[in-house]
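Participant: Take a look at the following structure, please.
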Amino acid sequence: MGEHFFAESFDRGTLDSWVLSKAKKEDIDEDIAKYDGKWEVEDMKDSKLPGDKGLVLKSRAKHHAISAQLLRPFIFDTKPLIVQYEVNFQQGIDCGGAYVKLLSQTPDLNLDEFVDKTPYTIMFGPDKCGEDYKLHFIFRHKNPKTGEYEEKHAKKPDSDLRTYYTDKKTHLYTLVVNPDNSFEVLVDQTVVNSGNLLTDMTPPINPAAEIEDPDDHKPDDWDERPKIQDPDAVKPEDWDEDAPKQIPDEDAVKPDGWLDDQPEYTSDPDAVKPEDWDEDMDGEWEAPQIPNALCETAPGCGAWQRPMIDNSNYKGKWKAPMIDNPNYQGVWKPRKIANPDFFEDLHPFRMTPFNAVGLELWSMSSDIFFDNFFITNERHTAERWANDGWGLKKAAEGAAEPGLVNQMMTAADERPWLWVVYVLTVAVPLILIIVFFCTGKVRDHRPFKKQEDDVLRRSPRNTKGRKD
């Protein structure tokens, strides 16, 4: 039988079960070190369900930290972990996160002092800055040899996440981690990422059994060259390295009418020296050059030169041909040795227990709406909770959706290339119909019409004077 460890829908309209951090961030300017971002419990601004309240991050460019204790610690044993909650970016999101942290159960955990360095077991949820749309699933893995913790990041979802951050709708984020080390990340009850803790986390859970020996060095005489110049090759006696690449075409003939004595450009006879021209400052004035009018009808002007052509005797700098290196030893690599830090944890699901949930966020956007936090070990219970909360919001938002045309216009505003699709979808069939009716001919589609007429003419019933 499943049980839940945390459930918060904010229907009471208060923050009674939540603790605002009174701490400051370390290693940061004093002016912004405080966690003084405001939180409120209030209705969604464009709510389709009046009276349905949520936790709202109210401040821009502030650090926010708020947390709540679980009913009991979550122990990673034989049952899965399901974490889900709702987010609505009511004002859109420029740069900021909306992820949750599951705070590790430690003797010195103090929610009044909740900061970015407070140990957590899992961090999960949306995060966006610029055009980088993320959906985090990170967990802190304890090294069984050293006892130190290292963050492990799930691979990036293949799905396009942009819509969830821009449509100003309420979305349900769900994380499922199973005792067999498999995991799923869902948005609106649809899987957008999945994998296994042992194979799909970065860096990997388990280090390599062997590593390259850091004390092994490539010998000075190690030859990594697969090809070398042939040491026995000799430059041919007739190889002329000084031959030019191109030479004048001796067969070329100057075109008739070429004006040798005429320049291509000549001084503009209509040009006048500016009144403010100072020869001491500006130098001797010269009229600007313009194309020579006499050259417009001639094949060319000025001194004629033979055109250049490729030199058939050109060979360039001689180089000895390349041959296989008889001393080639391959690409050198240091030898492998046993990894002194090797361990094998086949059950990374057995994470550090956690006993609180927290939101520790910086955002350049305000009015981020959170609701219906739920942590359980039974998936069907989570789905029922989702249907009773997010499901109602989805139904209400769907009922208030604009018509199809408005939806298409909105989509095209976000993705201008859709206008091309709309035009092709509507215009092409319309053009084909117009062409068909304007150019088509009326044709008798009865293939046996002529044969029928012949039979009728020969029929006794069609004889003159005969009545039907």
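All positions are counted from 1 along the displayed chain.
Just so you know, glycine gets a Cβ as well, placed from its N, Cα and C.
Unlike curated entries, TrEMBL annotations are predicted automatically.
Note that this is a predicted model, so its numbers are computed, not measured.
Pasting the relevant annotations from TrEMBL:
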| type | residues | note |
| --- | --- | --- |
| COMPBIAS | 215-254 | compositional bias 'Basic and acidic residues' |
| DISULFID | Cys95-Cys129 | disulfide bond |
| REGION | 196-281 | region 'Disordered' |
| TRANSMEM | 417-440 | transmembrane segment |
Participant: Taking the Cβ of Cys129 (disulfide bond) as the centre, count every other Cβ atom within 10 Å, in any protein chain shown.
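Facilitator: Around Cys129 (disulfide bond), other Cβ atoms within 10 Å: 13.
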Participant: DSSP helix, strand and coil counts for the region 'Disordered' (196-281)?
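Facilitator: Counts, helix then strand then coil: 3 helix, 16 strand, 67 coil.
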Participant: Is it possible to get the count of other C-beta atoms within 10 angstroms of the C-beta of Cys95 (disulfide bond)?
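Facilitator: Cys95 (disulfide bond) is surrounded by 14 other Cβ atoms within 10 Å.
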